[in-house]
C-alpha cells in the first residue's frame, strides 16, 4: 500500500537526506532547496507513478480551495463527453484507465461520472472552513485509489476539451496562447486527435506530463502552476509559471521538481512570506 502524498517533512532536512554529496548537482540542489525554504517550511513527497504532476497540482488546488471554480459550476459541465463525442468520432479511441477496449457509450458515461465526482469533491472540500479539517479531507481523498485515479481521468478529459477549443480557435483566426502553437507543432500531436492518441492516452501508463502539457493542464484548470525547478537554480527558469502570462484572477499552486519529471509539493508558507 503506497501513500499518494507523504506526511510533511522539514524541507532542509529532506534536502540533506537526499543530496549529501559534493558534486556540482548536489550543491545546486541544496541551493535550490534553500531558496524554497525561504518561502515554505515543509515538503510532502508525491507518489511517483506517471500521475505525479496531476496528483501534486490537484492536491494543492484542493488544499487551498475556498470555492468551486466557475468552469465547474456551468450547467453543461457534465455533458462535456456527450457533446464532444457527438462532434468528434475519434474520441471513441479514448483509453480508460485499466479498462482498454470499452465501448463508446460506456466511455461517455464513465467520463461523465468522473467529471461529476471531480465537481462533488471540489465542492465538498472547498466548503470546509477549518484548515486542519480541510487538510484531513484532502489526505483522505488521496488515500482512496479508485477515486483518485477517476479524478485524473477527469483532468485528462478536460485537457482534451481545452486542446480542442484552442485548436479550433487558432484555425478560425482567433488569438491563442503561444504554448498552443507549440503543442500542435509537435510531429506527434499536430491536431487534438493525435494529442489524445499519442500523449493523453499514455499519461499515467507509460509517461507523465511533458512541459507543454503542463501549460495545457493549467489552462484546463484555470490555475497558475508555479514550479520551483531546482536543477535550473540560478537561471531565470528556476521559478517557472505555467502559463507564463497568467490571468490575474487565476489562483496559484506551487510545486517543486528536481528534473521536470517528478513533482513534490512545498507546504506551510513561512509567516513573513504571508504578510
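Any Cβ shown, glycine's included, is placed from N, Cα and C.
Summarising the environment of residue 49 (active site), the number of other Cβ atoms within 10 Å of its Cβ, over all protein chains shown, is 14. What TrEMBL records for 49 (among others) is active site.
Using a 10 Å radius centred on the Cβ of residue 52 (active site, nucleophile) and all shown protein chains, the other Cβ atoms total 23. What TrEMBL lists as active site, nucleophile is 52.
If you look up TrEMBL, you'll see 262 (among others) marked as active site. Less than 8 angstroms from the CB of residue 262 (active site) sit 46, 48, 52, 208, each of them six or more residues away in the same chain.
Taken from TrEMBL, the feature site 'Linear diubiquitin binding' applies to 237.
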Which residues of the same chain, at least 6 positions away in sequence, have a Cβ lying under 8 Å from the Cβ of residue 237 (site 'Linear diubiquitin binding')?
229
